[in-house]
Amino acid sequence: MSNKEFPSPPLSTASNGTTPVVQIKQSTSVLPDFLQSINLKYVKLGYHYLVTHFLSLCLVPLISVTFVQASQMNYQDLQNLYLHLKLNLASIIIFSALFVFGTTVYIMTRPRSIYLVDYSCYHPPEHLKVKFSKFMGHSRLSGDFNESSLEFQRKILERSGLGEETYLPEALHDVPPRPSMATAREEAEQVMFGALDNLFNNTNVKPKDIGILVVNCSLFNPTPSLSAMIVNKYKMRGNIKSFNLGGMGCSAGVIAIDLAKDMLQVHRNTYAVVVSMENITQNRYFGNNKAMLIPNCLFRVGGAAILLSNKSGDKRRAKYKVVHVVRTHKGADDTAFKCVYQEQDDNGKTGVSLSKDLMSIAGNALKTNITTLGPLVLPISEQLLFFMSLVARKLFHAKIKPYIPDFKMAFEHFCIHAGGRAVIDELEKNLQLSPLHVEASRMTLHRFGNTSSSSIWYELAYIEAKGRIRKGHRIWQIAFGSGFKCNSAVWQALTNVKPSPNSPWEDCIHRYPVQLDY
């Protein structure tokens, strides 16, 4: 299935994904027009059920016939069957040996199941909260922004989807701000160690038991590395496999999960820890280029630590199992490569510039990503409908709209990177999602802001805090990042998931969802 063949999602549709119901007045002596009144949603659900269970339904008569035939066999029939098998003993032995050999090879070479035992999101202290008035007041007092830039930042804040309870690092609360290597290290330590301390306490796993460590942070990459800071803090073992991913944007959290997953396929009976975060202290822009001012308004303090395991014994206590990780990279295209770009402005001040083509590029990356992901997760019924629509349009030139696969048939929960209000709006519309499906993303953006690669974990924690995840539910985490990349991770719940102790939503979930005024 090529990218061109997989249609981009429509820009608008009926909110419930069904055909409109036409109301027709009928006299009491005439039956209703069922073709007009039947809700096609239920017809479609019946079709999905039939196709999904087609093989099972075909096996029912086969099993019935076999059972009837077996019940009619007498002693003489059984004796004849035994003699037949005895005469073909050599063939049976060869077949059995091949069967045992093939089964052994399959068991030894099949991918290991990777379990998400638990994860923890960093909850900043109360004194780091920043209200809009405080943000704008400090921006004005810093003396770095002209009136046009201040007004621009005010408008961005009001329309961003952020609330009044997000957090900025300590150094940016001071007037003037104190961006330095030392204060950036302090922010990194608070986020990483805060999340890891809680993770180790909740799971009772010792730091020396960790065999693989992956840390991702785009804009702060000191020497020694962030991963080395963690090894030093927790006195981890000397043969730990540690990795430090830098400059990979907001989708790097999924990349880190993919790397840890691959490493766990190679190294048996061990744990992997992934730490996803961003560092703001040294990366606030103090200039007047409006394309570089937007990240100032959106990015906030946050981070997450995730514990993965390939130990079969951890299945009983794990929350989720890794199902798929699909990564899409559009860096070969120059426009996509430069749509999120760190550079200096005309006055030599460093910032991250966001292109006006960002949403278009993100949409193209999403289209490519779901082209790969779709066949892996969509039920066969959805794939057949898409294929039939494609054949009708391409071979028979039928003037019908391309069938848009319904990803709600594949997933119960969606964690869309809280990069900004526009990102969430577009995915809600293009994937035909309901407000409930994007609630976690909107509320995470409102409560914690854009925490970069860790935002998808705050969203998952929100869904858990609401008590919505049941055994067997599938979760789609999707993130976008510089480069330009679109990455997806698919998880399956192994139990009815409850929120872990010290969840970031523990003290406020009763207040959500909130009404957003925009």
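From the backbone N, Cα and C atoms, a Cβ is placed for every residue, glycine too.
Model, not experiment: these values are computed from the prediction.
Residues or ranges marked as active site by TrEMBL: C250 (among others). In the shown protein chains, 28 other C-beta atoms lie within 10 A of the C-beta of C250 (active site).
Taken from TrEMBL, the feature active site covers H329 (among others). For H329 (active site), the count of additional Cβ atoms within 10 Å of its Cβ stands at 19 [all protein chains shown].
What TrEMBL lists as active site is H413 (among others). Within 10 Å of the C-beta of H413 (active site) there are 20 other C-beta atoms, taking all protein chains into account.
The active site feature in TrEMBL is assigned to H417 (among others).
Per TrEMBL, the feature active site maps to H446 (among others). All protein chains included, H446 (active site) registers 21 other Cβ atoms within 10 Å of its own Cβ.
Counting every protein chain shown, 25 other Cβ atoms lie within 10 Å of the Cβ of N450 (active site). The annotation active site is assigned in TrEMBL to N450 (among others).
Per-residue pLDDT, averaged over the domain 'FAE' (106-395), rounds to 93. Residues annotated as domain 'FAE' in TrEMBL: 106-395.
Positions annotated as domain 'Beta-ketoacyl-[acyl-carrier-protein] synthase III C-terminal' by TrEMBL: 412-492.
Per TrEMBL, the feature transmembrane segment maps to 47-68 (among others).
Residues of the same chain that lie 6+ residues outside the transmembrane segment (89-108) never bring a C-beta to less than 8 angstroms of a C-beta in it. Taken from TrEMBL, the feature transmembrane segment applies to 89-108 (among others).
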Discussion item. Given a separation of at least six residues and a C-beta threshold under 8 Å, show me what packs close to H417 (active site) in the same chain.
Written reply: C250, S251, V423, S441, S455, I456, I478, A479, F480
Worksheet item: Relative to the Cα of H329 (active site), which of the active-site residues H413, H446, N450 has the closest Cα?
Response: N450
Item to complete: Whole-number Å only: compute the distance from the Cα of H413 (active site) to the Cα of H446 (active site).
Response: 19
